[in-house]
Amino acid sequence: MCVRRPLVTVVRAGRHSYASGLKLQQLLAKSTQNLGEFAEFRNYIVLQEHDPVYTIGIRSKSYTKDDEDRLRKLGAEFHRTDRGGLITFHGPGQLVAYPILHLRQFKPSIRWYVAALERTVIETCRQLGIPGATTTQDTGIWVGDHKICAIGVHGSRYVTTHGIGLNCCTDLKWFEHIIPCGIEGKGVTSLTKELGRHIGIPEASTAFLSSFANIFDCRVAEQADAVARDTN
């Protein structure tokens, strides 16, 4: 018997504010939640790039209003979110990918989902020429003692939101003003820094989608740009 693989629609949202990206993923997540059977849920993966922003997850861990004001003065926005994880930075040159999936079409387990995201990023790095990217006891994907990708997800009734931030050609100086993801004594890196050549969002996106389709055993189809524009 042939089992049809889940379909995931790619929405290329371009560069916009974090608030616009959050609105977009919320609209997509809600647009098919009430269809009844989980098999009718339409899966998406939003690929985007944010204006400079610091975000904090559900474990805010001692970041006060004074800290928020200090970071805003650097020229970045600041948002508190419902994703997992601690503080991180999103900005130009970073591929932000938000898979909006119904896990009952894949495997109904958040632990499995996070592990699959990790494998997807590791495979992406390998495709681009970084075979040493891996997981550690700390969240995210690492090259040695330097984090190359942050992961923070949210799940509700097996529907996922938020996702990953993969540093492609990001200005890493933004991370100097925080303790990324609350992990002290370690640094951050990017695809460009590790490979010694410019790696932009388009090149990284191609490798990421290929890895995603393989790891999640799904079909990937492009969505019209109008979807992203209409929801901003």
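Cβ from N, Cα, C; glycine included.
Caution: TrEMBL annotation is automatic and unverified by curators.
What TrEMBL records for C181 is active site, acyl-thioester intermediate.
Residues annotated as substrate binding site in TrEMBL: R83, G84, G85, L86, I87, T88, F89, H90, A150, I151, G152, G163, I164, G165. Around the Cβ of A150 (substrate binding site), a 10 Å sphere holds 28 further Cβ atoms from the protein chains shown.
The domain 'BPL/LPL catalytic' annotation in TrEMBL covers 39-220.
Taken from TrEMBL, the feature site 'Lowers pKa of active site Cys' applies to K147. The Cβ neighbour count for K147 (site 'Lowers pKa of active site Cys'), using a 10 Å radius over every protein chain in view, is 25.
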Taking the Cβ of I87 (substrate binding site) as the centre, count every other Cβ atom within 10 Å, in any protein chain shown.
25
Tell me the Cβ neighbour count for I164 (substrate binding site), meaning other Cβ atoms within 10 Å of its Cβ, over all protein chains shown.
23
